[in-house]
Structure formats: structure tokens, C-alpha cells
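Undergrad: Below you'll find the structure I mean.
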Amino acid sequence: MAGTTIDWKGSKQSLGNFTEFSGIAFHHRAIVASILIALTPIGLFGNALVIVAVVVAKKLRTITNILVINLAVTDLVTCLCFPFLSAGLLNQTGSYPMHDMICASIAGVINTCLGCSTLTLLAIAFVRWYVITRSVRGHQGIHAPKKVVTLVVLIWIQSVASLILLLVLGIGTLEYSTFNRLCDFKGTNLIGMYLIVLIGIAMAIVLMFTLVFYLLILRHVLRHRKQIRNKFPTAEDIRAGATLNHETHASSTSPESRPTKIKAINKMEVEVTQNLFVVAGVLVICILPQSIIFMIPGDDALRIYSSMIMLANSVVNPIVYGFKHPIFKEVFKSLLWPSRIT
């Protein structure tokens, strides 16, 4: 017997052999499918490289990289689902080309991994903020292996349990949408529709907190750099001070006495600051559009493009958290071009 759902206007629609609206135009679906297919090998290679690098390089086996590994694993699994999504996008028969259970499984895996990936990004931002801005004593308190592993386990439990709870309560289903041709979570009643809006709001909140932690790190770095400059003045500061005081002798702190370590710290801080802007920019570009779309009722082509952008975050993450990291760069080079390493 055909079931019914309630759309945003309150009208009922049959779920039997009903085809939702006219569907998104094929050329839109073809563009998104082509991009996902092209991103698949890039995402698989990048995330696998991050995992291998941490496994083979002892200097990368840090506590913080537990979260990076978790992020790489979730993104790797998400990238494995891209071909299955593309198959549904390119289908023109109105039903998923494979078994319905495959489509439901792909939808469940993607929703779980995306939630896990988003929370892991937030966890990385929080841990970095805590480690950088707190004392060494506090650093050791939260930066313990057991605590970080526990955090990873909690992230997975929350992501899986949330999806299962929604399915058990009958608020939504995992199925193939005949409108946008995607395997995804779909609200089966008015509560489910409102829940999708709440999910968009939750994603925006997670994004906001992630950016807040990075901005706090940036503020701390700038303050720390100012303190270093005041404690160890540069050559220009010394010359300016000598001119203003009409002194005939140089300041007691000469440019040569400025510790090399301080210069290294300043350089590191600049790199960290630049990377934080990159991370923040990627998060905004990839997650915010989908969050906004979730808050707006309706169906249109923008939804599959916003989904594509959000999924692309799984491909970009290895670049942001791997290739811009100085130690990861060195390990990547040794893995990809071992003959060039002296």
C-alpha cells in the first residue's frame, strides 16, 4: 500500500509509484556526477597518503594526529561512495540502478561520515586552541592519548546513534530521491522536514564554533608575537631607540643576540596564521552553502551543487591538513619520490 508524505505546503503526495516533480535536469546531474567521479581518485589517494604517512613516520605519530587520522578515514570512506552517488545521478529511469539496500547503505554511510568529519574538524580546532593557548600543564591534561581516543569514539557514537534514532522513530528514511537522483536521508513527515532545517542550523553552529576557535588561536599568536618583539627587539627597533635617546652606544640587546629560536617561532607563527585562514576559508566554502540550503524549504538544482561542494570537503581536507604541514610535506616527498631524498 502506498504511503504518503506531507510537503511544505501541507499537501499529501503518494510514495507508491509516484515520481517527485519533474526532477532536476539531466545536464545538472551530469555535471555533478562528472565532478564527483573526477574527485574520487584524488580523495582516495590524498586521504590514503595521510594515513600511510602517519603509520610509517614516527615523528607524525603524535596525539593530535589521532584526530587527523580519524578525519582521513571518514573522508576516505566518503570518497568511496562517490561512484555510487554518480550512478544514481546519471540514471534516467526514476529508480536507483542498483539494489535499494545499496542506496540506503550509501546514504547512511555518507550522512554518518559527514557528521563525523564535521565534528572531527571542530575537535581539531578545539584541541589546537587548548594546546596553543593553555599552559604546559593544561596541555598535558587534555592532550593525553586516552582522552583523544575517547573523543574520537564519542564522535562516532554520536554520528551513528543520531542517524539510527531518526530511523527508529520513523522521522525519516534512507532512500533514493527521484527528484535530485541522490541517495540521502529524507523526512517522511512534517517533523522530518523541520528536522532537516534544524540539521542545517546545527551545521552552521558547528562551523561558527570552529571558526571561533581558529580566530582565538590567531589572536593568541598575534599577542605572543608582539610579546616576543617587545622582549627581543629587532635591529630596526634598536636603531630607532638609539636615535630617540641620542645614545652613542648600541642597545644591550643586539640583533646578533636575538635567539635563532625566536626567529623560528615567528616564522612558525606566520605559517600557522596562514594555514588557519586556509582552513577557515575551506570550511566556509564547503559547509556553509549546504547549511543555508538546508534551512530553505524546497527542491531545486542548487541542492545537488551544494551537496557536491560539501562532499568535496572530503577531498580538500588532506591538502589543508597534510600538504601545508611541514612535517607531512617531508614525509610525502619521501613516500612519493624516495630517490630524491638524500
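In case you wondered, yes, glycine gets a Cβ from its N, Cα and C as well.
TrEMBL lists 46-321 with the feature domain 'G-protein coupled receptors family 1 profile'. The transmembrane segment annotation in TrEMBL covers 30-56, 63-85, 105-127, 148-171, 191-217, 276-296, 302-323.
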Undergrad: Run the contact check on the transmembrane segment (30-56) against the transmembrane segment (148-171): 3 or more C-beta pairs under 8 Å, excluding pairs closer than 6 in sequence.
TA: no
Undergrad: Which range out of 105-127, 148-171, 302-323 gives the transmembrane segment (191-217) the most CB pairs under 8 Å?
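TA: Top-ranked stretch among 105-127, 148-171, 302-323: 105-127.
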Undergrad: Excluding the flanking five residues on each side, which residues at least 6 beyond the ends of the transmembrane segment (148-171) place their CB within less than 8 Å of a CB in that stretch?
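TA: For the transmembrane segment (148-171), the nonlocal Cβ contacts are 63-64, 66-67, 70, 108, 111-113, 115-116, 119-120, 123, 127, 185, 187-189, 191-192, 195.
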Undergrad: How does the model score the domain 'G-protein coupled receptors family 1 profile' (46-321) in terms of mean pLDDT?
TA: 78
